[in-house]
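Remarks on the structure that follows.
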């Protein structure tokens, strides 16, 4: 009986392997499915560790979460090439902005995340099972993207928290995932926050995932991701009148860097 089950299991695994090799859609679905299961299981284990070590919701839990997520890249054959980590070493709070490409961004985030840094995320993430639990325990700040007034209130509270707790805040200014190899127009919330708190903006750019990950074509293979942390942009002395110029400046700097890291010609 045991031999029969063993042979049956082996046959199923071989069949799945063949299907993954022959069908890009099967390969994509299997890899995404495995990624989702890995996230759920790892989140449950990390949540238990966070509660045991730190007792509840705190940015200190990000160290535990980071250690766990940094192992994911080995399952998917991803390599990171990081440059400019020294630019995170600013005294006091800062607003970190980066491009946002896919559900795989979490791996890139945890690869370089500095200490005492919290993320701003959409409120819906709270309801994603153990993943929602772990990001809650990590101190992620949730905003309601459907309510502009609510988002402004939250950002106002974030500015106070940054000063009181001496933390950095990580924001995706595109506002949504964008796996096109380019940037979407930036929303101004992160830059209003930086000017209001009079703290520097630190741009972080990840090379395009399109060479190894593209849901539209069912592409998901191994690959290399280049990450560059750019020098801080000071906001001291700036006012709300300068937010548009600051937003545009960051957008153009990050877009040029994205094209360079991705081996794509600049569009001037």
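Keep in mind that glycine also has a Cβ here, set from the backbone N, Cα and C atoms.
Transmembrane segment is the annotation TrEMBL gives to one range among 106-124, 125-143, 144-162, and that range is 125-143. Per TrEMBL, the listed range annotated as transmembrane segment is 30-53 (candidates: 6-29, 30-53). This prediction places the mean pLDDT of the domain 'Phospholipid/glycerol acyltransferase' (94-209) at 88.
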